[in-house]
Amino acid sequence: MSRSLLLWFLLFLLLLPPLPVLLADPGAPTPVNPCCYYPCQHQGICVRFGLDRYQCDCTRTGYSGPNCTIPGLWTWLRNSLRPSPSFTHFLLTHGRWFWEFVNATFIREMLMRLVLTVRSNLIPSPPTYNSAHDYISWESFSNVSYYTRILPSVPKDCPTPMGTKGKKQLPDAQLLARRFLLRRKFIPDPQGTNLMFAFFAQHFTHQFFKTSGKMGPGFTKALGHGVDLGHIYGDNLERQYQLRLFKDGKLKYQVLDGEMYPPSVEEAPVLMHYPRGIPPQSQMAVGQEVFGLLPGLMLYATLWLREHNRVCDLLKAEHPTWGDEQLFQTTRLILIGETIKIVIEEYVQQLSGYFLQLKFDPELLFGVQFQYRNRIAMEFNHLYHWHPLMPDSFKVGSQEYSYEQFLFNTSMLVDYGVEALVDAFSRQIAGRIGGGRNMDHHILHVAVDVIRESREMRLQPFNEYRKRFGMKPYTSFQELVGEKEMAAELEELYGDIDALEFYPGLLLEKCHPNSIFGESMIEIGAPFSLKGLLGNPICSPEYWKPSTFGGEVGFNIVKTATLKKLVCLNTKTCPYVSFRVPDASQDDGPAVERPSTEL
């Protein structure tokens, strides 16, 4: 009986009409992607599950807990002993007599090794994300056409452009630039950085910052992703072959007024970006197509051309049996080494303002875990837009040139000569980068483009990058900028300090005392820079040996390279050359001295 009733009951259920599908109430709020809140701390990775759940992957962060906030014992101990970035900067920029002692002892190498490892470890290797993939993927690793990303993009379905904080619409980029970045009055760099430095920065970085106009802002044409001197030799083999002489390893050149200069486009038919109306014989052909824009860029192109051909002569004398290809390739490696040496020991030294004397010695890292590979990050590209360095006008000798007179000036380099331009650029002070309101109106559009590009690529807020690089997030705009008026304006536009964008945050942050920029530019920029420099193959144990550079002669050129040698071994007279303007007591006007003949 009971079995019969059960069968009738089951049959009744089968005959019932299906339950209607209940649609969500149109007025009910859509669940917010929990990763929009950036809940995972200390480099934990947010993974979304379902609609409103997430999980933080805290693997190897040193932290545990739902949001990676509970430190392990060793992590807690390390954090307790680690000085703050501001305190570290204070120590390194004070007490000159103490650092003179340190620089003369083995302690210098110990500290340099510590600096290199701590900074480099902040950069993920292999690379993690790119503009198309906000998660680990094979494409992010293998496709070198992309810039890598340190942090994934802001999720597309967040309530606000920067996640959950701030206003529904970001302030107009043009308005931001005019209010906070446009120069009112030229602010010189308190560290004494000069235009020789500014043009070196532009020339040097254009070998690896080459956003692809055809593919879009997330892509790069500089597939070497590091110091490969593509701006000297070209970023592809076809361009390189057009620039080479194919004799004794040398590059093509022309002689004007008894001096060596890059060849004309007529002699080396490569694409160069010059205004219409400039004939091919007046256009100089070099590795980077935009270097005709500024005489300062073509000045460095000329110096490195002369250096390449000079080193070829030295190697030819050492190795008379070598052919053109081996002379060319070995000279290229030597110039890569010279570049890295100058960048670390003079360029980065000037930027840092440290009394600790930085040292380029790849052997410092031979005993530690280190990957000799690099990938340029989009954040590094944005960070490096240091256009406040540029002055209101350019002074050469007794003449002063406006931007209209200076840009695409194809005759200045030859008319004045290398020595005169080096002397002039070394004596003219550059602008302060940080602190805001110091960008000339002629180049303000570049900052506007960077801000717009960062929005298209959905870069995370400035405070998230501070946390990623071991700094505390700012709690207010006044804490960021150090003054009330600008802070109030930023508050009005953004609504929340946690909604401030990456590039404006870097340029508006208050500077360290007597410094060219603030804490974040140093703490974020230094890891990218040092990892890129020391991650070069020539710094690896397999490459860093005399035979790589043609013997002790070539190896010695690398190990003793300086900016002064780059100039003075390739000019008839030796002008004042430095990345810093001369002290007032030394600045007695243009003067030259006989060049040194040592290697």
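Any Cβ shown, glycine's included, is placed from N, Cα and C.
For the annotation N-linked glycosylation site, the record in Swiss-Prot points to Asn103 among the listed residues Asn103, Asn409. When the candidates Cys35, Cys36, Cys40, Cys312 are compared with Swiss-Prot, only one is recorded as disulfide-bonded to Cys158, and it is Cys36. Looking up Cys40 in Swiss-Prot gives a disulphide bond whose other cysteine, out of Cys56, Cys58, is Cys56.
Proximity of distant same-chain residues to the domain 'EGF-like' (31-69), defined by a Cβ-Cβ separation under 8 Å and at least 6 residues beyond the stretch ends, is recorded for 75, 78, 154-155, 157-159, 163-164, 460, 464, 467-468.
With helix defined as DSSP H, G or I and strand as E or B, the domain 'EGF-like' (31-69) counts 4 helix, 12 strand, 23 coil. Across the domain 'EGF-like' (31-69), mean pLDDT in this model comes to 96. Across the fold, the C-alpha of Cys58 (disulfide bond) and the C-alpha of Cys40 (disulfide bond) stand 8 Å from each other. Using a 10 Å Cβ-Cβ cutoff, Cys36 (disulfide bond) registers 21 neighbours.
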